[in-house]
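Please read the structure below before turning to the comments.
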Amino acid sequence: MGLEKSLILFPLLVLVVGWVQPSLGKETSAMKFERHDVDSDSSSSSPTYCNQMMKRREMTKGSCKPVNTFVHESLQDIHAVCSQKNVKCKNGQTNCYKSRSALRITDCRLTGSSKYPNCEYKTSQQQKHIIVACEGNPSVPVHFDASA
């Protein structure tokens, strides 16, 4: 009797573990936003900041990401943007929000002569309002839409 139960339960356990396990290591949209767009610990004073960060944050694997923006504010302040002014996203969606005040950002743009795998970026420090797409409950940033 015990062996029969084991023979029934074991395949079921294998199915459940096989189904749940891949989702444990999967990067959520909010996690990807943080990896791509948040650098609270830095103010990017180095002209090589973008070259270093784009590589470190895995945005130069397989190809050079043409443009990226890093926000140099606390995660709490960036999350707070999701409760600020609702604006239309560049793609027409209505889940974007604009920060009330200008935030410290670094704009990274691929230089014209740069070719993969040698991705070279121009680093530009700015103070601008940010626009982020937010999702979930509680609402958190999932995409950097623009700066203004």
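Including glycine, each Cβ sits where the backbone N, Cα and C put it.
Feature annotations, reproduced from Swiss-Prot:
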ACT_SITE  HIS143  active site, proton donor
BINDING   LYS32, ARG35, LYS65, PRO66, VAL67, ASN68, THR69, LYS90, ARG109  substrate binding site
DISULFID  CYS50-CYS108  disulfide bond
DISULFID  CYS64-CYS119  disulfide bond
DISULFID  CYS82-CYS134  disulfide bond
DISULFID  CYS89-CYS96  disulfide bond
SIGNAL    1-25  signal peptide
TODO: Fewest other Cβ atoms within 10 Å: which of the recorded positions LYS32, LYS65, ARG109, HIS143 wins that one? Let me know.
DONE: LYS32
Open item on the list: For HIS143 (active site, proton donor), which of the three DSSP-derived states applies: helix, strand, or coil?
Closed with: strand
Task: Among LYS32, ARG35, LYS65, PRO66, VAL67, ASN68, THR69, LYS90, ARG109, the record's substrate binders - longest CA distance, Å - done: 21
Open item on the list: Can you give me the Cα-Cα distance between CYS108 (disulfide bond) and CYS64 (disulfide bond) in Å, rounded to a whole number?
Closed with: 11
Task: Rounded Cα separation (Å) that holds between CYS89 (disulfide bond) and VAL67 (substrate binding site) - done: 17
Task: Separation of alpha carbons, CYS134 (disulfide bond) and THR69 (substrate binding site) (Å) - done: 17
